[in-house]
């Protein structure tokens with residue numbers, strides 16, 4: 001709100017006194033033969049008139065000085081209003097920038113942002129109240145200036161009122177500076193709290209990611225160990241089955257070899273008997289025994305080679321050593 005420029009009213013000239021001197025001079029010209037007492041009275045009146053004129057000029061000069069001081073005070077008040085308006089615009093722009101930066105935060109900080117907005121609104125409301133109070137005080141000072149103009153004739157009180165006004169203006173300037181400093185400090189505190197909360201949330205998120213990675217690695221290693229144990233148990237079972245099958249195959253092979261040998265012996269004996277019947281009708285028992293021994297020796301020479309159990313054991317040991325490595 002701009003202060004309306006007001007001008008101090010000049011005291012009206014005392015027309016009676018200003019017109020009195022020419023009348024006295026005229027009377028002196030007309031009555032040149034009046035006594036000396038009247039001349040002395042006229043001189044005294046002239047001196048009193050000069051003194052009053054000098055006082056009136058002093059009063060006019062003081063009124064002009066007061067007008068200049070009033071204009072200076074109004075200029076300073078207007079400058080203070082402009083500075084205050086620019087400061088409010090700067091603060092509002094700064095708050096808008098903070099709002100645009102706050103909107104880019106994650107959902108976990110929304111509650112903090114709402115609290116900050118609430119505090120900001122409270123600060124703005126308090127600042128608006130203080131601004132209204134300052135406006136009210138300015139209006140009161142304007143009314144006091146109006147009263148001061150009406151009481152300009154009482155020159156003795158003008159100096160005191162002027163000092164009071166200057167002291168009050170200095171006090172208001174100090175209050176405005178204190179309010180600006182408190183507001184900037186509160187904004188800095190809120191900004192520091194916001195950045196500390198942001199760093200804390202980032203540290204918690206990193207710690208959570210690290211713990212989850214450790215848990216995943218631990219779970220993967222446990223799964224790998226359990227899978228390795230299961231595979232080892234399955235391999236051991238397969239080895240046992242392989243050993244059993246190998247032993248069974250060896251037994252079956254031995255039985256097969258025995259049966260084949262016995263079958264060949266029987267066939268050879270049968271052929272030999274048939275040959276004997278064809279060649280000679282009868283043989284002695286001793287010759288038959290010798291011939292059976294010869295056939296047995298011949299069968300032993302043609303018997304197939306049995307599988308070596310030592311080689312089978314070595315192959316199984318090699319398989320058991322290769323499986324844990326896989």
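The backbone N, Cα and C atoms fix where each Cβ goes, glycine too.
Where the annotation comes from TrEMBL, it is an automatic prediction and has not been curated.
Note that the structure is a prediction, hence the values are computed from the model and not measured.
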Which range of 172-199, 200-227, 228-255 is coiled coil, per TrEMBL: 228-255
Annotated stretch (region 'Disordered', per TrEMBL) among the listed ranges 1-38, 39-76: 1-38
